[in-house]
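Student: The structure follows.
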């Protein structure tokens, strides 16, 4: 399935998908 949080966030520490947050591993996950 499609993961709306599939982006990484090591560059600017932000996730552009709604309802997603940057994890410690610099991967966007659902919050």
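Just so it is clear, glycine is given a Cβ too, placed from its N, Cα and C backbone atoms.
Swiss-Prot lists these features:
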| type | residues | note |
| --- | --- | --- |
| DISULFID | 5-20 | disulfide bond |
| DISULFID | 9-22 | disulfide bond |
| DISULFID | 15-28 | disulfide bond |
Student: Residue 9 (disulfide bond) to residue 28 (disulfide bond): how many Å between their Cα atoms?
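Tutor: Residue 28 (disulfide bond) has its Cα 6 Å from the Cα of residue 9 (disulfide bond).
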Student: Whole-number Å only: compute the distance from the Cα of residue 28 (disulfide bond) to the Cα of residue 20 (disulfide bond).
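Tutor: The Cα atom of residue 28 (disulfide bond) is 6 Å away from the Cα atom of residue 20 (disulfide bond).
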Student: Find, among the disulfide-bonded residues listed as 9, 15, the one whose Cβ has the highest number of other Cβ atoms within 10 Å in the structure shown.
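Tutor: Comparing the disulfide-bonded residues 9, 15, the most crowded Cβ belongs to 15.
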Student: Determine the Cβ neighbour count for residue 20 (disulfide bond): the number of other Cβ atoms within 10 Å of its Cβ.
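Tutor: A count of 20.
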Student: Give me the Cα-Cα distance between residue 5 (disulfide bond) and residue 15 (disulfide bond), rounded to a whole Å.
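Tutor: That separation, Cα to Cα, works out to 8 Å.
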Student: Enter the number of other CB atoms within 10 angstroms of the CB of residue 22 (disulfide bond).
Tutor: 19
Student: How many other Cβ atoms sit within 10 Å of the Cβ of residue 5 (disulfide bond)?
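Tutor: Residue 5 (disulfide bond) is surrounded by 19 other Cβ atoms within 10 Å.
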